[in-house]
Amino acid sequence: MPKIEKTDAEWRAQLDENEYRVTRQKGTERAFTGKYWDTHDDGTYRCICCGAPLFRSETKFDSGCGWPSFHTPNDEKLIDEHVDQSFGMIRTEVTCHDCGAHLGHVFDDGPAPTGLRYCINSASLKLEKDGK
């Protein structure tokens, strides 16, 4: 169970329409449209809903899929995994442990050292650049 619980009205007041659709309604942004899919700045990618430090820029890589991709979470305890059988597929959904926000999915076709590809919606993230 998420540590941070808010009403639907509170989430709607905090997030813009796209952030709400992605994080609270398990939406997906179109490939190559999110603000972080091609970002190369150093920093920490935080949950847009609660600020949890989910991924570091050092683990981000270009997977060619059009979404920010990471091979390792900042702390595995901050990411929860769930079986997702929507759209006739079986995938592994990843959510923020602290607030339950839908982040994206994890696949087993990533690079070393983990072989994993955390395919994350930009709308679920906020980049805190190093030194700021």
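Cβ atoms are placed via backbone N, Cα and C, with glycine included.
These come from Swiss-Prot:
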DOMAIN    8-130  domain 'MsrB'
BINDING   C47, C50, C96, C99  Zn(2+) binding site
ACT_SITE  C119  active site, nucleophile
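Shown on the structure are the features that Swiss-Prot records.
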| residue | record | DSSP (3 states) |
| --- | --- | --- |
| C47 | Zn(2+) binding site | strand |
| C96 | Zn(2+) binding site | strand |
| C119 | active site, nucleophile | strand |
Q) Tell me, how many other CB atoms lie within 10 A of the CB of C96 (Zn(2+) binding site), whichever protein chain they belong to? A) 25
Q) So how many of the residues in the domain 'MsrB' (8-130) end up helix, strand or coil by DSSP? A) 28 helix, 40 strand, 55 coil
Q: Around the Cβ of C99 (Zn(2+) binding site), how many other Cβ atoms lie within 10 Å? Please give the count over every shown protein chain.
A: 20
Q) Looking at Cβ-Cβ distances, which residues of the chain lie under 8 angstroms from C50 (Zn(2+) binding site) while being 6 or more apart from it? A) I4, C96, D98, C99, A101
Q.
Averaged over the domain 'MsrB' (8-130), what pLDDT does the predicted model reach?
A. 95
**Q.** Rounded Cα separation (Å) that holds between C119 (active site, nucleophile) and C47 (Zn(2+) binding site)
**A.** 14
Q: Count the Cβ atoms, other than its own, that fall within 10 Å of the Cβ of C119 (active site, nucleophile), considering every protein chain shown.
A: 23
